Amino acid sequence: MTPCLLIAGPTAAGKTALSLAAAERVGGEIINADSMQVYAGLPLITAQPDAAERARAPHHLFGSIDPAIRYSVGQWTSDVLALISDIRGRGNVPILVGGTGLYFNALTRGLAPVPEIGDAARARAAALLDADGLAGLRAEALRLDPVATNRVDAADRQRLLRIVEVGFETGTALSVFQADTVPPLEPAAWRGIVIEPDREALYRRIDQRFEHMLEAGALDEVAAFMQRDLDPDLPASKALGVPPLIAHLRGEMSLDEARDNAKRDSRRYAKRQGTWFRNQAASWSRIGTLDSEAAISALADILDQPPG
């Protein structure tokens with residue numbers, strides 16, 4: 001059985017082009033592993049593959065979830081395992097592509113069986129963050145679960161919130177749940193590739209890509225999204241670029257300010273992604289260029305090597 005191919009990397013690193021090259025080379029079908037690209041209604045601002053790209057290979061879980069839904073990593077994992085089975089049943093190779101490290105961890109290391117977080121625990125953690133800031137949130141996370149907290153970046157707001165929410169909801173440390181997990185994919189069933197480009201070159205591409213998004217109509221897309229009046233705490237409402245463009249549309253900042261904030265947020269996110277993949281996917285193969293042709297050539301070399 002040909003292993004699944006996992007292609008990861010920071011935002012704007014060229015993962016879509018690489019996944020298409022891989023699909024055409026091995027007879028693959030592409031599965032989304034980006035937590036924002038799952039949502040409908042935001043194809044431009046979340047950089048989902050366009051119609052021409054989708055025509056080159058079958059694509060799954062892109063723009064398929066209503067943004068009013070909180071789509072959890074557990075739901076994603078369940079959906080992906082079913083897709084992997086279907087794709088293999090057709091004799092094709094599953095190719096998972098994206099930048100959400102938690103998704104890749106869920107597949108390759110297992111998903112902790114944490115109970116559903118209730119509204120009260122979620123609100124309590126959010127109130128703590130509002131009152132005491134990120135430093136206060138991290139202090140509470142360290143109190144509740146020093147093991148899990150010391151594994152995450154001190155600036156990783158989402159993961160720190162998760163640690164605190166689990167502690168508030170269950171009275172048990174997240175690391176306790178994580179200690180007894182079985183990975184859905186055995187090591188022999190997958191091989192991983194990380195795109196790890198020069199940081200300054202990546203930052204330039206991030207800035208250029210956001211300009212292209214605006215030219216393609218991202219502001220109108222966000223305006224339509226805004227009309228749904230969704231909870232600003234929903235994951236889709238926090239997609240990169242969405243909050244500053246909404247602030248601009250509400251008259252709270254100029255378009256130039258929104259543009260600068262969106263680029264800044266994307267660069268910071270890319271930095272966190274790079275750190276995560278260096279630490280959590282250290283054994284994966286590396287591609288260190290943003291040049292599409294060079295990256296595809298490097299991919300071919302990796303695929304020519306025997307798995308393992």
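The backbone N, Cα and C atoms fix where each Cβ goes, glycine too.
Matching 34-37, 90-93, 178-181 against Swiss-Prot, the residues noted as region 'Interaction with substrate tRNA' span 34-37. When Swiss-Prot is compared with the stretches 108-112, 153-157, 158-162, 203-207, the one noted as region 'Interaction with substrate tRNA' is 158-162. Of the chain residues outside the ATP site list G9, P10, T11, A12, A13, G14, K15, T16, G99, I195, L202 have their Cβ within 8 Å of the site's Cβ mean position. Other residues of the same chain near the substrate site, with their Cβ within 8 Å of the Cβ centroid of T11, A12, A13, G14, K15, T16, are G9, P10, A17, A47, G99, I195.
Spatially close to T11 (ATP binding site) yet at least six residues away along the chain are A47, G99, I206, L240, S266, Y269, A270, Q273, judged by Cβ distances under 8 angstroms.
The average pLDDT computed for the region 'Interaction with substrate tRNA' (34-37) is 98.
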